[in-house]
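A.B. asks: Handing you a structure now.
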Amino acid sequence: MLAFRMRQRPVRAAAATSTLAVSLFYLLAQMAGAGVLIALLLGVSSSAGQNLVIAIVGAIMIVYVLVGGMKGTAWVQIVKAVLLIAAAAAMTVWVLGRYDFNLSNVLADAVNHGGKTGAKLLEPGFKYGKTDTSKIDFLSLALALVLGTAGLPHVLMRFYTVPTAKDARRSVVWAIGLIGVFYLFTLVLGYGAGALVGPERIAKAPGKENAAAPLLALELGGPILLGFVAAVAIATILAVVAGLTITASASFAHDVYANVIKRGKVREDGGRLDNRDSEVWVARITAVVIGALASVGGILAKNQNVAFLVALAFAVAASANLPTILYSLFWRRFNTAGALWSIYGGLAVTIVLIVFSPAVSGSPSAMIKSHDFHVFPLSNPGLVSIPVSFALGWLGTVLSKERDGIKYAEMQVRSLTGTGAEKAVQH
């Protein structure tokens, strides 16, 4: 879609670059979460042991991606979605049942078990309202989460697994409904963990707050429920990691290798694995490299909150992809220069701000604790990087003389009716 109105090769290369960046940031969260979960199940508390667990999980997931492909990933995602919602619903009902199905009692008990900060647990701004900087950081986080969803490459790629535009829209409606219900479940589960498990026990567990849900399952149903929840969580992580890895590797192989490096002169049937002109061979090698980088990043980020790491990926997606998508759909004058400025500029600004933020150094939960080189005060850069990316897209467009109104008109028809859209293919 991004390259439809533009010069193909430069825009494809830019889109592939942003896809790789978003996927790597998202993979950090998944690998860190997987390591924490399995370390909790195995009783591994040492840092070296957790690092080894993350490395093993990364190797297993690389093998799964190489063997399963898109079709296997799709089936895992279908099964895990059903199990995840069922597990969350069961635990929510279980928690409410402990308190006579009165949410107020759950909240009150969470406050009572909250220790010194328990009284402030229900007050607005408890985490993000202490200072002006934390308030702005919360706004930045919210902006990244709201806008980043529309730019996640592995979500956009799922539209190629349905046959028509109508089916794609129906899938989105169902997804929004199910996700909304699941988020309501997490409210009960979070306060339920605070009430039944307690913050001190959560803080001492591997992964700290990332272990809240498994510890709640252990408290409610013992080892059996913990095992079920852990299995569902591992399946969820497996599905997300597989989808991300396939998206990133396919993007590099098709957009960069096939269309930029080889300029379309490669085989698409895969052929033998030792055929270096094979697009499939390149995709598999890319998957191994991405998996290895994700494992290393997961080790560095294992003490970070998983939800926070996901928010960083959303910020990258919102900054690098969303402006180009919106401009392509709704601005007739938008051109190749604007797309390149928006993608590369938004991506560069976001990554630079993250590197020099408290998420990497200068805070108790930073990835690098031995040094402090942070100069940007916000943990999430979305509030700055997203507007900058939009501005760069506009500036690059107005400074360029390139225009193609016919392509824009054709794209409008395609986007509104689905006419001429690519069909789902076998993987």
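Placement of Cβ uses the backbone N, Cα and C atoms for every residue, glycine included.
Here's the feature list from TrEMBL:
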- 20-42: transmembrane segment (TRANSMEM)
- 48-67: transmembrane segment (TRANSMEM)
- 74-97: transmembrane segment (TRANSMEM)
- 138-160: transmembrane segment (TRANSMEM)
- 172-193: transmembrane segment (TRANSMEM)
- 224-253: transmembrane segment (TRANSMEM)
- 281-300: transmembrane segment (TRANSMEM)
- 306-327: transmembrane segment (TRANSMEM)
- 339-360: transmembrane segment (TRANSMEM)
- 380-399: transmembrane segment (TRANSMEM)
A.B. asks: Same chain only, please: residues at least 6 beyond the ends of the transmembrane segment (224-253) with a C-beta under 8 Å from a C-beta of the stretch. Say none if there are none.
C.D. replies: 15-16, 19-20, 23-24, 26-27, 30-31, 33-34, 37-38, 40-41, 61-62, 64-65, 68-70, 72-73, 76-77, 79-80, 83-84, 87, 91, 153-154, 157-158, 213-214, 217-218, 279-280, 282-284, 286-287, 290-291, 294
A.B. asks: Select the range from 48-67, 172-193, 306-327, 380-399 that forms the most Cβ-Cβ pairs under 8 Å with the transmembrane segment (281-300).
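C.D. replies: Per the Cβ under 8 Å count, 48-67.
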A.B. asks: Relative to the transmembrane segment (339-360), which of 20-42, 74-97, 306-327 accounts for the most Cβ pairs at distances under 8 Å?
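C.D. replies: By Cβ pairs under 8 Å, 306-327 leads among 20-42, 74-97, 306-327.
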A.B. asks: Given a Cβ distance threshold of under 8 angstroms, which distant residues of the chain, six or more beyond its ends, lie next to the transmembrane segment (20-42)?
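C.D. replies: Beyond its ends, the transmembrane segment (20-42) has Cβ neighbours at 49-51, 53-54, 57-58, 61, 151-154, 205-207, 210-211, 214-215, 226-227, 230, 233-234, 237, 240-241, 244-245, 247-248, 251-252, 290, 293-295, 297-302, 304, 306-307, 309-310, 312-313, 316-317, 320-321, 347, 351.
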A.B. asks: Near the transmembrane segment (306-327), which residues from the same chain, at least 6 beyond its ends, have a CB less than 8 A from one of its CBs?
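C.D. replies: Non-local partners: 1-2, 15, 18, 21-22, 25-26, 28-29, 32-33, 36, 140-141, 143-145, 147-153, 210, 334, 338-339, 342-343, 346-347, 349-351, 354, 359, 379-382, 385-386, 388-390, 392-394, 397.
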A.B. asks: Under an 8 Å Cβ to Cβ limit, what residues of the same chain, 6 or more beyond the ends of the transmembrane segment (380-399), are close to it?
C.D. replies: 136-137, 139-141, 143-144, 147-148, 308, 311-312, 314-315, 318-320, 322-324, 327, 331, 333-335, 337-342, 345-346, 349-350, 353-354, 357, 359
A.B. asks: By a Cβ-Cβ criterion of under 8 Å, what residues six or more beyond either terminus of the transmembrane segment (74-97) are in contact with it?
C.D. replies: 68, 103, 106, 161, 178, 181-182, 185-186, 188-189, 192, 196, 213, 216-217, 220-221, 225, 228-229, 231-232, 235-236, 238-239, 242-243
A.B. asks: Cβ under 8 Å to the transmembrane segment (48-67), counting only same-chain residues 6 or more beyond its ends: which ones?
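C.D. replies: The answer is 31-32, 34-36, 38-39, 42, 73, 206, 238, 241-242, 245-246, 249, 284, 287-288, 291-292, 294-295, 298-299, 302.
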